[in-house]
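Some features that Swiss-Prot has for this protein:
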- 41: active site, charge relay system (ACT_SITE)
- 44: active site, charge relay system (ACT_SITE)
- 39, 64, 65: Zn(2+) 1 binding site (BINDING)
- 94, 97, 100, 108: Zn(2+) 2 binding site (BINDING)
- 176, 196, 201, 263, 264, 265, 287, 288: NAD(+) binding site (BINDING)
């Protein structure tokens, strides 16, 4: 089968045409992939950065954002059948640790990542445990279903705290950040302000519903808050950038008693003014992945009640032009990039 493989310990990802079709275990489902999306993680793997060198076994079929149809099921699988349209949770958990048994599988200490620690979905076929398969309703388009993984990150982060009537600050206008903007507006936030230094992505944030999209290299966030009539700071912060300066600016802009959800991963150690956290009584919450499967339920429910995340998909390529997809993702001048397998 065709697959995109990290086959060398160097910058790049390469297509092969002779990867073996994965076998199906008794508790597994094999999915024929229709569309894949490129994740920021895939770009890290492409770049072969420090994290990738520590983490990715080579060779590895990468990718974990996709939609497809069930091709085959294992002998013990009863919930899915060939032809079902599905996507899949990219975190494979142990099922037996304390958190898994308590229903907190997103906090499993033994998580294995599809396309990171086990073969991924940049391939004509991918195999995952049946417990990780999620059926896609007929009224959700393929290309939207293909980005359920990052949409789930945005949903988990945005819905961590009450948003109705609140003023929300989103730091980082990448695809997950701008989807969080749309979610916050959809569920009833008042002002949703997003900060970044990338004008292309700030423009995308405006299209996704941001009250204000602020280039902090040129604009003063405090002046924007004053212009919006905000006197006490933001009530909820969604840190999506992984940038220490953005996080510190967020802490300064939060109201007393505010709540901050952090999804962005900062490189190394970042110093902050902890007195801001203590004296403001801030609540900080780390976010990882998606709650299994409450986040998925909410993702579908919001789409079916009018949320439109489709503007975040800005580029589409056939799979044989995957290099163009990675090039545009690496340029920073895109939202989500979807690759079509032509099946």
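Backbone N, Cα and C atoms are what each Cβ position is placed from, and that goes for glycine too.
Known features from Swiss-Prot, placed on the structure.
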residue: 65; record: Zn(2+) 1 binding site; contacts (Cβ under 8 Å, 6+ apart): 36, 37, 38, 39, 90, 121, 146, 147, 148, 149, 150
residue: 97; record: Zn(2+) 2 binding site; contacts (Cβ under 8 Å, 6+ apart): 108, 109, 110
residue: 100; record: Zn(2+) 2 binding site; contacts (Cβ under 8 Å, 6+ apart): 93, 94, 108
residue: 176; record: NAD(+) binding site; contacts (Cβ under 8 Å, 6+ apart): 150, 153, 154, 157, 240, 263
residue: 196; record: NAD(+) binding site; contacts (Cβ under 8 Å, 6+ apart): 171, 172, 173, 174, 177, 202, 205, 213, 214, 215, 216, 241
residue: 201; record: NAD(+) binding site; contacts (Cβ under 8 Å, 6+ apart): 173, 174, 177, 178, 332, 335
residue: 265; record: NAD(+) binding site; contacts (Cβ under 8 Å, 6+ apart): 242
residue: 287; record: NAD(+) binding site; contacts (Cβ under 8 Å, 6+ apart): 153, 156, 157, 160, 261, 262, 263
residue: 288; record: NAD(+) binding site; contacts (Cβ under 8 Å, 6+ apart): 106, 107, 263
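Ranking the binding-site residues 39, 94, 108 by the number of CB atoms within 10 A of their own CB puts 39 at the top. A 10 Å radius around the C-alpha of residue 64 (Zn(2+) 1 binding site) takes in these recorded positions out of 41, 44, 264, in sequence order: 41. On its own chain, residue 41 (active site, charge relay system) has 64, 115, 116 as residues at least 6 apart in sequence with a Cβ closer than 8 Å to its own Cβ. Sequence-distant neighbours of residue 44 (active site, charge relay system) (same chain, six or more apart, CB under 8 Å from its CB) are 51, 52, listed in sequence order. Fewest other C-beta atoms within 10 Å: among the binding-site residues 64, 263, 264, that description fits 264. Following the DSSP three-state reduction, the secondary structure of residue 196 (NAD(+) binding site) is strand.
Secondary structure from DSSP puts residue 201 (NAD(+) binding site) in a helix.
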